[in-house]
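Chemist: First the structure, then my questions, so here it is.
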Amino acid sequence: MKVLVLAENAQTQRELAAGARTLGDEVIVAKIGGVPETGIADTAYAIELPEGQIPEMAADTVAALVDEVKPDMVIVEPTARLKVIGAAVAAKNDTALVNDVTAFGEGGEAESLYFGGLATIKRQPASAIKFYSCDGAAFANAEASGTDTVVDYAFVAPAHPVRLRERRELTHEGADLGRAAVVVGVGRGFGKEEDLELARELARAVHGEIACSRPLAENEQWLPKSSYLGVSGRMIAPKVYFAVGISGQMQHMIGVHNADTIIAINKDKNAPVFNQADYGLVADLHEALPALAAKLA
Ligand SMILES: Cc1cc2nc3c(=O)[nH]c(=O)nc-3n(C[C@H](O)[C@H](O)[C@H](O)COP(=O)(O)OP(=O)(O)OC[C@H]3O[C@@H](n4cnc5c(N)ncnc54)[C@H](O)[C@@H]3O)c2cc1C
């Protein structure tokens, strides 16, 4: 079986290529707008991205590559743009992209969370080529292997181009949340944007990163959208997750259900977050955070 892997991040590319090796006997990686990792696949394709093109416009190029190499399975990293590309190429092949796979079973069925994480579902598309989005964590112990061959693959002009009008850099908070051991999650309990400094102080004290609930990113826009956790945001598995001023709605908590330890700080003793936390502190965050940061620094 031939597996084609597309990833944006080098480490995920390596993890997915390693996983693909456990699923198939031929592994191909492709990278849009950059040089792919070598030594992890049988062939690596570098897809050039002409000046002024956004990565999503490479969907026709990926479709051409799929037509050429004829993989049995395509796995894309579950980033927003690779999901767009994966879905577009799947549609061209008369099938759908199965998203956010957490594990592949013996028979090749893809397992993912269902009902917002209350259940799991196993699916296997009936199409000739199967398309999945999947994070590297699904293949924890797999080893990547391969050659250093890199083949340049020419960009195919999109049938429906989008014109790039402006490019603006997003501010990112710290390192990759997915790899942070300690994460301090902030919620609507922070009444003012400047109060987030209290959470940043705690994060500095425990060498952690800052994440948030959806309203802080989507409504208040105090933190980038890439920082919010939950069913429609990021799923992370840190060693410690501090849920501060977060009520503990299921849509948020599903994003941290793999955390080793959850510590909740909330002024309402009946907040649902306490039912899911390993440790709970009923306190006003304005008093609790400086005291904790001072103790833990
Ligand atoms: C389809 C759908 C998808 C969604 N996906 C997501 C998702 O992916 N991620 C996500 O996060 N949400 C998601 N939501 C929203 C989710 O349902 C909740 O509304 C949201 O998580 C609540 O955010 P919060 O806990 O920050 O705010 P709130 O629910 O308002 O909770 C604030 C908490 O802060 C406490 N508090 C207030 N002041 C203080 C203080 N001074 N000190 C200590 N504690 C204090 C309060 O007691 C309260 O418990 C989704 C909703 C829908 C409908």
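From the backbone N, Cα and C atoms, a Cβ is placed for every residue, glycine too.
TrEMBL lists 11-149 with the feature domain 'Electron transfer flavoprotein alpha/beta-subunit N-terminal'. Per TrEMBL, the feature domain 'Electron transfer flavoprotein alpha subunit C-terminal' maps to 176-256. The feature FAD binding site is assigned by TrEMBL to R188, S213, R214, G245, I246, S247, G248, Q249, M250, Q251, H252, N266.
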Chemist: Which one is it: of the binding-site residues R214, H252, which Cβ has the fewest other Cβ atoms within 10 Å in this structure?
Modeler: R214
Chemist: At a 10 Å cut-off from the C-beta of M250 (FAD binding site), count the other C-beta atoms across all protein chains.
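Modeler: Taking all protein chains shown, M250 (FAD binding site) has 15 Cβ neighbours within 10 Å.
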Chemist: Over all pairs in R188, S213, R214, G245, I246, S247, G248, Q249, M250, Q251, H252, N266, the listed FAD binding residues, work out the largest Cα-Cα distance in Å.
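Modeler: Those residues reach a largest Cα separation of 18 Å.
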Chemist: Which residues in the same chain, at least 6 apart in sequence, have a Cβ under 8 Å from the Cβ of I246 (FAD binding site)?
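Modeler: Sequence-distant Cβ neighbours: G185, V186, G187, R188, G189, S213, H252, A264, N266, V273.
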Chemist: Per DSSP, to which secondary structure element type does G248 (FAD binding site) belong, with helix, strand and coil as the options?
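Modeler: In the DSSP reduction, G248 (FAD binding site) maps to coil.
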